């Protein structure tokens, strides 16, 4: 068989290049959204009565969740290449419109501007559902290191945007209109970055030998979602679908319901990780931690600490002895994270800023570490099309957890006159 003789030489070619591209594409998946979250000090000044950090997240989530539910249901019939390119292009256009909207209104607040920002937030949600589910599904049938790199890229987008925000705030802090200048620079960088992701996914990623190898392997196992990616890489054979010997294999493919039932603990794990994290970050950290010596820098420092430690947490599973692979162990650790809620409540009420920074770091590192452990352990042992479907289903539960967390985040406002 042709596949047999190609596997050895092709398998490792371009591995590190592919890991780097996955990292950049992971970054691009959340860069625009993190930019919007990170410049919340500008939006809070611009729209003081509308709770922007909470409202924008609450609008983003239903769009992301609804779109992904439709995409996950029809996953086996969807062209992955078109799906991911649509997502990255929408990120690019929406980020550019944020910039145009701010320049067109000369940075004036008001309800019209806020509604415009809310619509863009919804567009980010739709783009995220296309890209995050599409990429994680696609990478689930390749090397676990690719998925780990993509997930680390997701976290790195938070760390990068936070660092960039601290730099722009320091650069423009004392100038007139400083907040706005920083925000505009920020979105200009984001727009260029999203354009880079569109070009990388369209022209670089599909042509890497190792990526071609895994996509051809998935196609030979009955996957129909990789055909146009293979065509873009110059591999035109539609082979397996036309060969009778593969028909039984295609029939054998587990459907979404069976896959979900076999992996329901992983799905619940992801739901709980993100429900807890998003009930604290970013809303509680940016609005409810009181006033401290760091003044207007305090919320930015907390968000930056969370993002940096989330990124570090995603690299910890590369050390084999620290990677948590036991299904029961994962569930126990994830349930223990619920102790963060009383810890944050009492620290905000009675604690010092040092304790709050430490807690935020722990929240970040546990979030990153557990996400990578769950998403890299779950696809093991399945065929290519099943791994793709499972990746999509798990991201659906992850986004469901984010939506639940964002909704629970409003409970911190009880008793504050809202």
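Backbone N, Cα and C define each Cβ position, glycine as well.
Because TrEMBL annotations are produced automatically, they should be read as predictions rather than curated entries.
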Range among 234-254, 297-317 that TrEMBL annotates as transmembrane segment: 297-317
Recorded stretch that, among 111-131, 184-205, 266-285, 329-348, 354-378, has the most CB pairs under 8 Å to the transmembrane segment (143-164): 354-378
Interface check, the transmembrane segment (329-348) with the transmembrane segment (266-285), three or more C-beta pairs under 8 A: yes
